């Protein structure tokens with residue numbers, strides 16, 4: 001019996017990286033279908049090797065976390081590639097991504113791409129926004145043309161012993177950035193459609209690539225997230241700046257909406273919290289509250305209303 005981590009799924013085969021850095025091509029046993037589960041890229045698995053050089057996965061280890069889109073497991077950190085322009089910067093999308101990652105216990109690294117395309121005024125405005133996210137505790141990489149390699153050095157230092165994903169709005173430059181990190185990757189890139197201001201999807205498969213003593217996934221770009229599957233009372237826990245300030249709220253269960261003595265609202269009013277952060281928080285609360293019930297819960301079975309013969 002051997003143990004390793006799935007680094008690629010392609011045409012029904014799972015490539016597993018072993019502890020001695022050997023890659024073994026495997027298939028999943030049929031019993032996983034009976035368990036209503038299947039291996040994901042990033043899974044730690046046990047497998048048996050066979051004589052025809054194709055192994056068989058026998059066990060999937062307990063996952064630390066997982067994403068549905070893209071289908072990945074055991075992610076340590078995510079580099080959110082946020083376009084400064086083309087497509088336009090979206091604080092709403094960035095905050096959605098940060099909440100989604102925090103809910104999955106995935107550390108976030110903010111990378112602002114295409115900063116060289118901004119005017120001096122636009123550059124300064126976005127740099128202030130980036131500075132706020134850095135101040136509240138996020139690792140932020142904001143490329144400066146006078147220091148062309150500083151961003152890559154900082155990124156590479158963060159990869160060691162981590163499973164890292166790259167995510168962000170379509171056309172933000174995830175694949176372009178990975179090509180800069182390691183030219184041998186030769187990942188396809190696409191231009192942004194001028195008509196739709198949306199990038200063409202260029203990444204076709206889910207795989208993990210060994211880089212700087214870590215594993216990096218290049219994942220399909222996407223620009224929206226489903227409504228968060230959480231109670232409205234939970235959302236405040238994933239706004240790290242709000243969480244720190246809430247200790248000074250008059251009420252312990254303050255939702256930072258209409259309650260008197262709210263430290264978060266006071267911070268928004270005096271400018272120490274970005275107004276866009278609070279506006280996004282209010283919008284996300286409404287999205288959660290207006291979410292339709294999910295009836296396909298575990299254990300739920302639709303009644304058969306057909307008449308028995």
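Residue positions begin at 1 at the first shown residue.
Backbone N, Cα and C define each Cβ position, glycine as well.
Small disclaimer: the values here were computed from a predicted structure and weren't measured.
According to Swiss-Prot, the protein has these features:
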type	residues	note
BINDING	113, 114, 115, 116, 168, 169, 170, 171, 172, 173, 174, 175, 176	GTP binding site
BINDING	249, 254, 256, 262	Zn(2+) binding site
DOMAIN	64-225	domain 'CP-type G'
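Calculated from their C-alpha atoms, the gap between residue 115 (GTP binding site) and residue 256 (Zn(2+) binding site) amounts to 33 Å. Within its own chain, residue 262 (Zn(2+) binding site) has 249, 250, 254, 256 as residues 6 or more apart in sequence whose C-beta sits under 8 angstroms from its own.
Residue 174 (GTP binding site) carries a helical DSSP state (H, G or I).
Candidate binding-site residues: 113, 115, 170, 176. Fewest other C-beta atoms within 10 angstroms, 176.
Neighbour count (other Cβ atoms within 10 Å of the Cβ, all protein chains): 21 for residue 249 (Zn(2+) binding site). Those residues of the chain, other than 249, 254, 256, 262, with a C-beta within 8 angstroms of the mean position of the Zn(2+) site C-beta atoms are 245, 246, 250, 251, 255, 257, 259, 261, 263, 264, 265. Between the candidate binding-site residues, 174, 256, the densest Cβ environment within 10 Å is the one around 174.
Other Cβ atoms within 10 Å of the Cβ of residue 254 (Zn(2+) binding site), summed over all protein chains shown, number 21. The Cβ neighbour count for residue 172 (GTP binding site), using a 10 Å radius and every protein chain shown, is 29.
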